[in-house]
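Copied over from TrEMBL, here are the features:
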type	residues	note
COMPBIAS	14-26	compositional bias 'Low complexity'
DOMAIN	100-244	domain 'Dyp-type peroxidase N-terminal'
DOMAIN	256-436	domain 'Dyp-type peroxidase C-terminal'
REGION	1-47	region 'Disordered'
REGION	244-277	region 'Disordered'
Amino acid sequence: MAEQAKQAGQTKLAGQAGPGKQAGQAEKSPRAGQAGESTRAEQHHGISRRRLLGTAGAAGAAGLVAGGAAGAFGAEAVRDAPAALAGVGSATLPFHGTHQAGIAEPAQAHGHLVAFDLAPGADRKAAAALLRRWSATAAELAAGEAPKGDDTGIALDAGPSSLTVTFGFGRSFFDRTGLTAKRPAALEPLPDFTADALDRKRSDGDLWVQIGADDSLVAFHALRLLQKQAAGTARVRWQMNGFNRSPGATARPLTGRNLMGQMDGTNNPKPSDPDFASRVFVPDRDGDWMAGGSYAVVRRIRMLLDSWDHLSLERQEKVIGRRKSDGAPLSGGTETTPVDLTKIEKDGSLAIAGDAHIRVAAPESNRGAAMLRRAFSYHDGFLDDGAPDAGLLFVAWQADPLKGFVPVQRKLDRGDGLSRFLRHEASGLYAVPGGCAPGEYVGQRLLEG
Ligand SMILES: C=CC1=C(C)c2cc3[nH]c(cc4nc(cc5[nH]c(cc1n2)c(C)c5CCC(=O)O)C(CCC(=O)O)=C4C)c(C)c3C=C
Ligand SMILES: [Fe+2]
């Protein structure tokens with residue numbers, strides 16, 4: 001009976017989306033509170049988490065009733081019953097706002113990073129039309145609405161699943177569209193680092209899109225629609241696919257782990273920090289078209305996992321400066337205890353080694369330089385020597401890369417114990433404009449200003 005009720009509930013969920021809508025459209029994201037974006041989501045939808053859970057609970061109860069009804073009256077009765085999605089599918093992060101979505105919210109379980117080059121002859125007007133099409137589609141998908149004319153069916157039955165789509169411009173975009181005079185100084189090419197083994201074909205690009213969702217079909221659907229809409233104007237230059245832990249996979253919300261097994265993201269700037277906005281977002285100065293925007297540094301960093309896995313747990317923890325089990329700093333306390341870089345052990349050694357990753361990367365070691373890291377793991381199979389082609393799609397967000405990624409990576413390049421286990425294989429730097437209001441499109445101030 002329990003199994004029957006579960007199946008009936010699923011049928012009901014599948015049948016819930018009305019015409020022009022995908023399932024579970026209007027609920028707020030359960031992720032939003034984690035990243036301080038709850039106000040954004042709540043203002044937009046005015047729906048509380050309690051309501052979300054209440055709806056899901058009611059759906060469960062309705063499923064039980066419907067299960068009984070299916071036995072008595074057949075499948076039609078089940079299909080017509082009102083339905084609601086479970087939390088993950090129904091979670092919505094609004095596309096419109098001061099900042100683009102996909103920066104301050106926690107990274108989703110599935111991610112696509114994709115760069116496009118403009119087609120020969122595609123000018124500023126064509127680029128503006130593309131950004132207008134893309135923004136409209138991203139807004140519809142993020143709200144759980146099916147874009148007109150989309151007959152792919154890829155994400156039918158699923159809710160928006162915290163979908164975010166974030167758009168950025170590479171340095172080359174400005175020359176190709178006659179906008180060189182508007183190119184921000186912050187888009188100067190990144191310096192060369194000794195750990196770089198960059199594949200130029202998988203680096204840079206005129207346009208960059210980051211897609212994240214907690215459902216893989218929802219994420220792919222967005223990717224496919226944007227790629228189809230680019231036809232004639234822009235071609236995919238490179239694409240990378242990543243993942244994180246699925247929401248609900250752990251007994252309570254925890255910091256995610258990377259493929260080396262470490263908790264990764266603990267000491268990120270938090271949206272509740274007083275200096276979060278000034279570190280991550282470009283200030284509104286003199287009508288700058290980048291106001292409210294951010295700069296994304298994207299690095300495909302392969303992990304030399306075979307070498308890493310040979311290290312003892314103690315050595316691995318020393319390389320990072322934190323305990324693997326719970327992310328606590330080796331200077332003591334729990335995961336969230338502030339790191340004490342000055343602590344000396346009884347034997348006279350530093351509790352956090354001189355070349356420990358968290359010492360070398362810390363703002364205290366880099367004149368306050370900080371960035372928001374929002375990464376996805378990747379695994380693209382195994383290389384000829386049997387080693388995993390796996391690592392981190394590192395995405396760092398900052399108001400100015402010269403006060404974020406660049407000084408920190410310079411320092412890591414010289415003295416980080418972790419760098420022996422990493423290869424930077426691809427790189428990009430993108431100007432990601434602020435968000436837009438309904439009826440507008442991302443980048444409008446640049447393209448029409
Ligand atoms: C240039 C910036 C950074 C790169 C590149 C980078 C790569 C990288 N990092 C890890 C794993 C961890 N990093 C951690 C902390 C941390 N990393 C950076 C910067 C870069 N990391 C910063 C600024 C910090 C925070 C330092 C601090 O203030 O304490 C941690 C510890 C947990 C955490 O705070 O997130 C881990 C683990 C990998 C595996 C990696 C490349 C693949
Ligand atoms: Fe790091």
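The backbone N, Cα and C atoms fix where each Cβ goes, glycine too.
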Residues of the region 'Disordered' (244-277) by DSSP state, where helix covers H, G and I: 2 helix, 2 strand, 30 coil
Per-residue pLDDT averaged over the domain 'Dyp-type peroxidase C-terminal' (256-436), given as an integer: 97
Long-range environment of the region 'Disordered' (244-277) - Cβ separation under 8 angstroms, sequence gap at least 6: 30-31, 34-37, 87-88, 104, 107-111, 214, 303, 305, 308, 316, 320, 322, 324, 326-327, 335-336, 339, 358, 362, 370-373, 375-377, 379, 388, 390-392, 421
